[in-house]
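A.B. asks: OK, Swiss-Prot features for this one:
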| type | residues | note |
| --- | --- | --- |
| BINDING | 181, 183, 194 | Zn(2+) binding site |
| DOMAIN | 110-232 | domain 'MPN' |
| MOTIF | 181-194 | motif 'JAMM motif' |
């Protein structure tokens, strides 16, 4: 029922105004945000076409498109017309966009200071609602090879084990690494556990010949460098 009504709604539109046809004829850059999201959603509901539903999703928050960047699946499902399937489609598209964006910025990005780490990862990590512990893998020139996630959730020594960190670094032939994690509270001040984990990883790195250059904690548009504060 929903699909047939969606098709009828689309068929009422002039051919050159239909999202898919616009994309094929003029390229994706010619589409509005609701039109792009409508293609991802594919179908609407009994009451709304895919474009109407996409507009509804984007207007759910004052932040609009930006809100989707760190939205949880449960939050999306609270929007009328969005079930688990459509929520999954949205999150998959958002995550793919994040990865493409990060990959394009990471390639040969050289780290010379904590500011460089912040410039690279602040926007990716400042709005995250859970703690993400990532490592930046560097070559001999301190250029970023990749950013790898090690754990998600509250940081503690049982989760962030040296083995999990350095097996990734060794596989990617990293000469050095930088630890990066976020504080969802927005306050980047390190906890006692943050400091203990850092020191443990620094010692493990010395044994393996892979230097831990810094541990950057990301807050809300502010960061804390344990190296700068002589805490490692």
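Cβ coordinates are placed from backbone N, Cα and C, and glycine is handled just like the others.
So where do these features actually land, and what's packed around them?
C.D. replies: The Cβ of residue 183 (Zn(2+) binding site) has 23 neighbouring Cβ atoms from other residues within 10 Å, across all protein chains displayed. When secondary structure is read from DSSP and collapsed to three states, residue 183 (Zn(2+) binding site) falls in the coil class.
On the 0 to 100 pLDDT scale, the model's mean across the domain 'MPN' (110-232) is 94.
Within the same chain, residues 125-126, 128-134, 155-157, 215, 217-220, 222-224, 226, 231 sit at least 6 positions outside the motif 'JAMM motif' (181-194) and bring their C-beta atoms closer than 8 Å to a C-beta of that stretch.
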A.B. asks: Across all chains shown, how many C-beta atoms besides its own are within 10 angstroms of the C-beta of residue 181 (Zn(2+) binding site)?
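C.D. replies: So the Cβ neighbour count for residue 181 (Zn(2+) binding site) comes to 25.
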A.B. asks: Given a separation of at least six residues and a C-beta threshold under 8 Å, show me what packs close to residue 194 (Zn(2+) binding site) in the same chain.
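C.D. replies: When sequence neighbours closer than 6 are ignored, residue 194 (Zn(2+) binding site) has 155, 181, 215, 217, 226 within Cβ distance under 8 Å.
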A.B. asks: Quick one: DSSP breakdown of the domain 'MPN' (110-232) into helix, strand and coil?
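C.D. replies: Taking each residue of the domain 'MPN' (110-232) in turn, the totals are 39 helix, 36 strand, 48 coil.
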A.B. asks: Beyond 181, 183, 194, what residues of that chain have CB atoms within 8 A of the centre of the Zn(2+) site's CB atoms?
C.D. replies: 131, 133, 155, 182, 188, 190, 191, 217, 218
